[in-house]
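Take a look at the structure below.
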C-alpha cells in the first residue's frame, strides 16, 4: 500500500516518492519550511524532522550568564559532586579492571616460551648459588657434580669392583640367583653375576618418565630429548628440575620437570 505525503497528506506513488526524515514526501512537497525552496537529498538539513535549507536552518543560540556569587557557588558545588561521584566509581571498580583473554594457540605458545625462559633463569641462579663467591668454593661443587654425573651415567662402574673383594663364601650365596651356574671356582667368571644384577637394578628400580614435549638443552649439564622419549633413573632435584638418563640417546643430565610425565 502506498503511503501518504507528510506535507499534503495525499498518496505518494513510487515514481515521485522521497523517503527522508522518517517520512514520505512528494518531490514537490519536499521544500524548506521557511522559504518554500524545493530541496533534495544533497542540500537539505533536518531539524525536528522537518526539512530546511542552509540559509534558514535554525541555529542554536547561547545565553550569557553573569558570574554572580550564586552561580559561582552552584558551579563549585557541581564540581564537588562530580569529584565525589568519580571517587565512588573509582573505588567501586577498583580491582575489576581486567578483561578475559581467550586461550588461543598463539597465547599458549607465548606462555610456553615464557615458562622456558623462567626455568632457564631459575637454573642459572641455582648454579650461581652452588658455585659460591670464592674460587675455591666453586671448584668443589664442580667436582661433586662431575662425580654425580659419572655415577648416574655409569651406575655399574661404581659397584663393579665390589665382587673382587667378596669372600670365598660369596659364590655359594650368588649361585641360587643364577639358576645353578657352573660351580667352577675361577675367581673371574662368578663375579659377573652381581654385575648383571646391578646393571638391571637401576633401570627397574629407578623412576621412569615419558617426555610430552621436545626440549633442547640450554646448558652443558642438561639433556635434549624429543616427545615420546623415555627417561630412566630419574631423581627429583626440586619442583622445577629432575636428573635422569634419556634411554634413546644414553645422555644423562638435568631436565625440566614440566616436560615429562610419570609412566
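Along the chain as shown, the residues are counted starting at 1.
Placed from the backbone N, Cα and C atoms, the Cβ positions cover glycine too.
Under the heading N-acetylmethionine, Swiss-Prot lists 1. Taking a C-beta cut-off of under 8 angstroms and a sequence separation of 6 or more, residue 1 (N-acetylmethionine) has no same-chain neighbours.
The domain 'LIM zinc-binding' feature in Swiss-Prot is assigned to 3-63.
Positions annotated as N6-acetyllysine by Swiss-Prot, on the basis of similarity to another entry: 42. Secondary structure at residue 42 (N6-acetyllysine), taken from DSSP and collapsed to helix, strand or coil, is coil. Listed in sequence order, the same-chain residues six or more apart from residue 42 (N6-acetyllysine) with CB atoms under 8 A from its CB number zero; the list is none.
Marked as repeat 'Nebulin 1' by Swiss-Prot: 64-95. With DSSP classes pooled into helix, strand and coil, the tally for the repeat 'Nebulin 1' (64-95) is 24 helix, 0 strand, 8 coil.
Annotation source Swiss-Prot lists phosphothreonine at 68 (among others).
The Cβ neighbour count for residue 75 (N6-methyllysine), using a 10 Å radius over every protein chain in view, is 12. As annotated by Swiss-Prot, N6-methyllysine applies to 75, with the evidence given as similarity to another entry.
Across the repeat 'Nebulin 2' (97-131), DSSP helix (H, G, I), strand (E, B) and coil residues number 27 helix, 0 strand, 8 coil. Among the features that Swiss-Prot reports, repeat 'Nebulin 2' is placed at 97-131.
Taken from Swiss-Prot, the feature phosphoserine applies to 99 (among others), supported by similarity to another entry.
Other Cβ atoms within 10 Å of the Cβ of residue 104 (phosphothreonine) number 9 in total over all chains. The feature phosphothreonine is assigned by Swiss-Prot to 104 (among others).
Look at Swiss-Prot and you will find 112 tagged as N6-succinyllysine.
Residues near residue 118 (phosphoserine) in space but far in sequence (CB under 8 A, at least 6 apart, same chain): none are found. Under the heading phosphoserine, Swiss-Prot lists 118 (among others), citing similarity to another entry as support.
Marked as region 'Disordered' by Swiss-Prot: 122-207.
For 134 (among others), the entry in Swiss-Prot reads phosphoserine, with the evidence type similarity to another entry.
According to Swiss-Prot, the feature compositional bias 'Polar residues' maps to 148-162.
Along the domain 'SH3' (204-263), the predicted structure has mean pLDDT 89. The feature domain 'SH3' is assigned by Swiss-Prot to 204-263.
In this structure the alpha carbons, written CA, of residue 104 (phosphothreonine) and residue 75 (N6-methyllysine) are 51 Å apart. Comparing residue 75 (N6-methyllysine) with residue 112 (N6-succinyllysine), their Cα atoms are 56 Å apart once rounded.
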